[in-house]
Amino acid sequence: MSDKYYRSAYMNVDLNAVASNFKVFSTLHPNKTVMAVVKANAYGLGSVKVARHLMENGATFFAVATLDEAIELRMHGITAKILVLGVLPAKDIDKAIQHRVALTVPSKQWLKEAIKNISGEQEKKLWLHIKLDTGMGRLGIKDTNTYQEVIEIIQQYEQLVFEGVFTHFACADEPGDMTTEQYQRFKDMVNEAIKPEYIHCQNSAGSLLMDCQFCNAIRPGISLYGYYPSEYVQQKVKVHLKPSVQLIANVVQTKTLQAGESVSYGATYTATDPTTIALLPIGYADGYLRIMQGSFVNVNGHQCEVIGRVCMDQTIVKVPDQVKAGDSVILIDNHRESPQSVEVVAEKQHTINYEVLCNLSRRLPRIYHDGDQRFVTNELLK
């Protein structure tokens, strides 16, 4: 990736905040392996830089959604353990073995097909984590008998290693009994067979709210980056997480709309008086969505309204007269109390903080801050 960029919109990523959040989980669960979830490009932050920094701060295990994500980490020197949480097509099993990546076993049928596709040339081990469906209703084995049968199949092959078993909570970020019921179901199933090296069920919410002594690993995702999975979780815990992302754009032009003049597609905003506007080089192609019309951004400490429709590449803001080209504008802030916090943006978009971060597109350069050091990655100029 290039360390150069040629546009006036970018993300700031605070690596020290990410490391601090990782240490929060290490402290909460001192006897458990923290499987840092860096899928979806580390929730938009940039998986390679984040994984490297976490390794420097003690991370030994990562989780991703796809083999492609795992291979990307391997290609950039990430040597720690990696688990693919999603389903790999059985025909591609040799690639996982080649790159020393652990895989999820979602069903007995998948395991049988995967074994058929292991070439005779492969002598390396294949680490497997069996997924149990305890109530999420997605991937995984639902009954104890099938779980035991899958373990027996794995044990028939010297090359295969039954390394882990896990489940995923559906409602850990909400009040109610379902999470407790899932956890009990998980324990009951796992206790009916031999236990692997890793037993894990806690996502970010589960890791913040539950002890789960039966398990010896946790899988925090969104909260590694400084964000609570829900308002309910934030209110229930005393743990302080540090938000790690800012979205910045610099004004590229200012101009004055006269009374009666409109701006942007559909002419949805018409000035009633002479109005100074600032044009920002960012739009919905960057993940700053059309629905953000009517929201507010921070321009030199002033809360300024987004007017007119957000375009693919440009956003228009009503600003004080003294604003000029080059001024910095905060669209997403890394302070939880800010009117531009990820949570405020998520509420405006009628979604969750996860989606806001994941929507921030690859064409935005990422500027990483590690104390006094600064690094840039630009995926468009690889």
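Each Cβ is built from the backbone N, Cα and C atoms, and glycine gets one as well.
What Swiss-Prot records for this protein:
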ACT_SITE  Lys39  active site, proton acceptor
MOD_RES   Lys39  N6-(pyridoxal phosphate)lysine
BINDING   Arg138, Met312  substrate binding site
ACT_SITE  Tyr265  active site, proton acceptor
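Projection of Swiss-Prot feature records onto the structure.
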residue: Lys39; record: active site, proton acceptor; DSSP (3 states): helix
residue: Arg138; record: substrate binding site; DSSP (3 states): coil
residue: Tyr265; record: active site, proton acceptor; DSSP (3 states): helix
residue: Met312; record: substrate binding site; DSSP (3 states): coil
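Least crowded of the recorded positions (Lys39, Arg138), judged by neighbouring Cβ atoms within 10 Å of its own Cβ: Arg138.
Packing around Met312 (substrate binding site) is summarised by its Cβ count: 11 other Cβ atoms lie within 10 angstroms of its Cβ, all protein chains included. Counting only same-chain residues at least 6 apart in sequence, those with a Cβ under 8 Å from the Cβ of Tyr265 (active site, proton acceptor) are Gly308, Arg309, Cys311.
For Lys39 (active site, proton acceptor) paired with Arg138 (substrate binding site), the C-alpha to C-alpha distance reads 18 Å.
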